[in-house]
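Record features (Swiss-Prot):
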- CYS233: active site, cysteine persulfide intermediate (ACT_SITE)
- ARG238: substrate binding site (BINDING)
- 18-125: domain 'Rhodanese 1' (DOMAIN)
- 154-274: domain 'Rhodanese 2' (DOMAIN)
Amino acid sequence: MARSDVLVSTDWAESNLKAPKTVFVEVDEDTSAYDTGHIEGAVKLDWKTDLQDPIRRDFVDAQQFSKLLSERGIANDDTVILYGGNNNWFAAYAYWYFKLYGHQDVKLLDGGRKKWELDARPLSAEKVERPQTSYTAKEPDNSIRAFRDEVIAAIGTKNLVDVRSPDEFSGKILAPAHLPQEQSQRPGHIPGAINVPWSKAANEDGTFKSDEELAKLYAEAGLDGEKETIAYCRIGERSSHTWFVLQELLGHKNVKNYDGSWTEYGSLVGAPIELGS
């Protein structure tokens, strides 16, 4: 898959802000960032309130996703350009959602909000309202989603890529240092997992490293390109960024994101765990 199939540059984005059938969507870890200024015409998706089921621990289902995108004015045949802060951390998470529910034309803004601001490009504070559509999501494509039993069965047979920080991987902490630390019952990592922090795939300006640099990064960490791969982190957002790199940029086959990640796995009774680096 060519990079142009899944990424757009900030130059392209600024030239296509008002292009027909093109919708810019901001998704941030800091859900208030959009309100301080956003790309002109972009709509907001809140990863906490829009993409998560309000009762059970799971994503919104196809019906809920259809309702959400219809209300945001996104149609099935629109080109969706996703972007956000922190090297597209949650924008990649949303990209994976869109692919899970079968949206055909979705891309990331390479570098996200960080690159846009480094370029000194304009932000808008205007409220964005688009005409409502009748979006219809497909049934979820679980070929890109891993569940806990599959993850346990993958130990010793598939690539397991832990994309958290070295301190999370080794068991020193349970979550990124700026977040609460009571997210799971036990620290550590899945036995046999390799540790490639998600952020190593990005340059200083938030853009993705070259395919050659990315391939070298994972090969040197011990990833076997002939095997199936499951990526995980704490709640599935950082690992969706790695899923994007491996499947969409490098073209690996059979790559899955384990969105239950460590907050599920680290609380399972009897699940094998390793500590240390």
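Backbone N, Cα and C atoms are what each Cβ position is placed from, and that goes for glycine too.
Summarising model confidence by region, the domain 'Rhodanese 1' (18-125) averages a pLDDT of 96. In this view, ARG238 (substrate binding site) is surrounded by 29 other Cβ atoms within 10 Å of its Cβ, with every protein chain counted. DSSP assigns the residue listed as 'active site, cysteine persulfide intermediate' to coil in the three-state reduction, placing it in neither a helix nor a strand. Sequence-distant neighbours of CYS233 (active site, cysteine persulfide intermediate) (same chain, six or more apart, CB under 8 Å from its CB) are ASP162, VAL163, ARG164, TRP198, SER239, SER261, TRP262, listed in sequence order. According to DSSP, the domain 'Rhodanese 1' (18-125) comprises 38 helix, 20 strand, 50 coil. Classification of ARG238 (substrate binding site) by DSSP places it within a helix.
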